[in-house]
Amino acid sequence: MEEGGRDKAPLQPQQPPATSPGSGDEKPSGKERRDAGDKDKEQELSEEDKQLQDELEMLVERLGEKDTSLYRPALEELRRQIRSSTTSMTSVPKPLKFLRPHYGKLKEIYENMAPGENKRFAADIISVLAMTMSGERECLKYRLVGSQEELASWGHEYVRHLAGEVAKEWQELDDAEKTQREPLLTLVKEIVPYNMAHNAEHEACDLLMEIEQVDMLEKDIDENAYAKVCLYLTSCVNYVPEPENSALLRCALGVFRKFSRFPEALRLALMLNDMELVEDIFTSCKDVVVQKQMAFMLGRHGVFLELSEDVEEYEDLTEIMSNVQLNSNFLALARELDIMEPKVPDDIYKTHLENNRFGGSGSQVDSARMNLASSFVNGFVNAAFGQDKLLTDDGNKWLYKNKDHGMLSAAASLGMILLWDVDGGLTQIDKYLYSSEDYIKSGALLACGIVNSGVRNECDPALALLSDYVLHNSNTMRLGSIFGLGLAYAGSNREDVLTLLLPVMGDSKSSMEVAGVTALACGMIAVGSCNGDVTSTILQTIMEKSETELKDTYARWLPLGLGLNHLGKGEAIEAILAALEVVSEPFRSFANTLVDVCAYAGSGNVLKVQQLLHICSEHFDSKEKEEDKDKKEKKDKDKKEAPADMGAHQGVAVLGIALIAMGEEIGAEMALRTFGHLLRYGEPTLRRAVPLALALISVSNPRLNILDTLSKFSHDADPEVSYNSIFAMGMVGSGTNNARLAAMLRQLAQYHAKDPNNLFMVRLAQGLTHLGKGTLTLCPYHSDRQLMSQVAVAGLLTVLVSFLDVRNIILGKSHYVLYGLVAAMQPRMLVTFDEELRPLPVSVRVGQAVDVVGQAGKPKTITGFQTHTTPVLLAHGERAELATEEFLPVTPILEGFVILRKNPNYDL
């Protein structure tokens, strides 16, 4: 019997008929029309349909008669008819179609029935019928007064319809009306398990999100569905406002813990940025192998937990979290890929490819400037490889080819080459600490900090070496040591380091630059922790400075330090914004905007982006009016204003849009379009910031449309736009060895051969493109682009905010700020270990990641894959999965360091 109700004639003769004329319709006005229609319809109906229609009409009439003993069998028959027809998915089931015109009559009959079982039974049937009528949630109304028999018997479509009505009804009830919500809740408790059991997990989640009862999920979830449910919940996070987004994450986290999926739970705890929870998850896991995997994840995210000594395998876990092995694992990858051979800058510039051989004439324009560029390029390209051809053999020769501040950056680049190699690196840097030149000494101090970036060491070598120079008489020495400490302890929130640095800001000998760098360093160390001491000290420093001092370009680093301290903290910044109200313009709006955008970094908060767009547009009108008055006067005024005005807050607003939107794909796409408009119509300060924003939204992800835009603006009439565009090209392609970008940059190098500043930028971009010979990334997102590393964002922001005044900072004397990028450098590799942490080469498939949220079954998660043997490199947007069933990964996301276990069910 369970058939029929297909598009054409149903198989069983009895099926629900269209109405006969005169079947008490609610609206008599439409009745005549319908009668005519029915006449036509009756002609078309097949025998079986006709029979079905008559039968249903008879049943309805029977319900209208006085004889109550006939009600029960009539209702039974109606129900059987409706149920037996719900098998078809493509069309409205015939019985429902034929009963529609009787809907009003059935309701009347229901009202006149005596209370009791029959009345409830009738309510059930009307409830199902209501699904086809667009009424005022009558499906729900009659369901609640019906016989409460199980939902499943009426089919999936009915359950879906009901769920929609429950959600709407819930939103109309106030919190006060608790009693009315009770029956709805009981319904929900039926709907959710039904959906879970029928592959409609996301519908269950949607319903619970609508009625804000997500916590109910945990009870109804089973082994098969939890992965899908959690994937759906976490992918909804970007689209719901505070505080619901954290509620969703906490719910998914609870589900993972229920099934002892610790690595997944840990990842969500890191997304929530809740350190107590992280520690709780880590310590509650009793499986040492899983703990090691979680330690790798924490190390990658830059989180260090103080474990008690009695934890099993304490030393191993501490070592993994401290990233002690990062350098040796990275070098193992380099040997595997056969790229250990050091490169010199000329290998990158490929000067031999330039046709008119003006490598000579170009480099004579500003030889110190070119040598400085080569120092950076050499550092970027050989980063973390531990050897190069300029500095590690006989560095002095190279250092003295640089002048003054150039020596500082050149010496510091040694730190980049020895990145993460604390034991071996410091001995090589040591000899420069005794140099007679302050600049070289300061650079060596910075190098010590860089080497320790992202790596913990119980001996704290960076603190020991650098602490003596923090209040040194020479401001040059202060710069190197303070910025070095900032990089070495970024994200650690170490009180001892902060107490050492904070007094420097108020010290009378500190120049504005030193005060700025100190604020920066403190912001990096306390990143995202809302550290009270850091906040109060920086605020106090800002208050104490005079208006002219705040016009100094280095003053921009003070609010940046504040912003980094509150990175991603959302509303926690209200008090600071209030405190900044007393500062004079233009510094106030600059600081306010900067702190504000940092607080929402990576959140994808649409409302914030709208506010920032207002900031970008508001300024424009007022200037336009002036322009009409007197263009000439405006030009002169602009020239005078430019250095004093801090590139105002508009530049920051543009960067902020990128900073907020980079967290999720759709927001980033929309931001891209906006940037296009800003580049065409914006003020000069705005246009200078747009290339930097493009760089931030697509770090280490060389998308052609972005590269083309940047390439176009690298020839802009405004030199600062072109400097920033060229550098942005380097950021977008950082660590990718992208051939198309490399070719673009070589052409630019020829085009700008006579312009030392632009050429300097081209060289930097070339160095970044080949960062770590193509093995490193600057992208702050990891774990399938779910987690944002705050330390990495801090490093990127430091550099980009400094580029807002590229002429005075980067092309001036403070190019050492570029080493902020070190905080974001991470190997983009996948290395697999066995349970004893020995390298274990296995074959993996690497391909473009596919979004599988809310899809049924087990869809493929990657497309267009190639099979490699680990260790392998993963490009932006790629995902890996094991190509063998012999091993099972301990964590579902294959990225960074992954521990594999033997599959017990694997038979050889």
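Keep in mind that glycine also has a Cβ here, set from the backbone N, Cα and C atoms.
Residues or ranges marked as region 'Disordered' by Swiss-Prot: 1-52 (among others).
Feature annotation from Swiss-Prot assigns N-acetylmethionine to Met1.
What Swiss-Prot records for Ser29 (among others) is phosphoserine.
For Ser147 (phosphoserine), other Cβ atoms within 10 Å of its Cβ number 13. Per Swiss-Prot, the feature phosphoserine maps to Ser147 (among others); the stated evidence is similarity to another entry.
Feature annotation from Swiss-Prot assigns phosphotyrosine to Tyr194; the stated evidence is similarity to another entry. Note on Tyr194 (phosphotyrosine): other Cβ atoms within 10 Å of its Cβ, all shown chains, come to 18.
Marked as phosphoserine by Swiss-Prot: Ser361 (among others).
For Ser363 (among others), the entry in Swiss-Prot reads phosphoserine, with the evidence type similarity to another entry.
Per-residue pLDDT, averaged across the repeat 'PC 1' (409-442), gives 88. What Swiss-Prot lists as repeat 'PC 1' is 409-442.
Residues 302, 304, 321-324, 326-327, 407-416, 418-422, 425-426, 429, 432-433, 435, 485-490, 492, 496-497, 500-501, 503-504, 507, 509-511, 513-514, 517, 791, 816, 819, 822-823, 825-826 of the same chain lie 6+ residues outside the repeat 'PC 2' (443-479) yet bring a C-beta within less than 8 angstroms of a C-beta in it. The repeat 'PC 2' annotation in Swiss-Prot covers 443-479.
The feature repeat 'PC 3' is assigned by Swiss-Prot to 480-514.
The repeat 'PC 4' annotation in Swiss-Prot covers 517-551. Nonlocal intrachain contacts for the repeat 'PC 4' (517-551), taken as residues 6+ away from its ends with a CB within less than 8 angstroms of a stretch CB, comprise 273, 478-479, 482-483, 485-487, 489-494, 497-499, 501-502, 504-506, 510, 557-569, 572, 576, 579-580, 582-584, 587, 591, 644, 646, 790-791, 793-795, 798, 820, 823.
Annotated repeat 'PC 5' per Swiss-Prot: 560-589, in sequence order. Cβ atoms under 8 Å from those of the repeat 'PC 5' (560-589) belong to residues 242, 273, 516, 518-524, 526-531, 534-535, 538-539, 542-543, 547, 550-551, 595-603, 645-646, 648-649, 788, 790, 793-794, 797-798, 801 of the same chain, restricted to positions at least 6 beyond its ends.
According to Swiss-Prot, the region 'Disordered' annotation covers 623-645 (among others).
According to Swiss-Prot, the feature repeat 'PC 6' maps to 692-723. Long-range contacts of the repeat 'PC 6' (692-723) within the same chain, counting only residues at least 6 positions beyond its ends with a Cβ under 8 Å from a Cβ of the stretch, are 654-655, 657-659, 661-662, 668, 671-672, 675-676, 679, 684, 729, 731-736, 738, 740-741, 744, 748, 751, 757-758, 761, 777-780, 796, 800, 803-804, 806-807, 810-811, 824, 828, 876-877.
Per Swiss-Prot, repeat 'PC 7' is recorded for 742-757. As a summary of secondary structure, the repeat 'PC 7' (742-757) carries 12 helix, 0 strand, 4 coil according to DSSP.
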Could you tell me the C-alpha distance between Ser147 (phosphoserine) and Tyr194 (phosphotyrosine) in angstrom, no decimals? 18
I'd like the per-state residue tally for the repeat 'PC 1' (409-442) from DSSP, helix first, then strand, then coil. 27 helix, 0 strand, 7 coil
For the repeat 'PC 2' (443-479), what does DSSP give as the number of helix, strand and coil residues? 23 helix, 0 strand, 14 coil
DSSP, reduced to three states, assigns Ser147 (phosphoserine) to coil
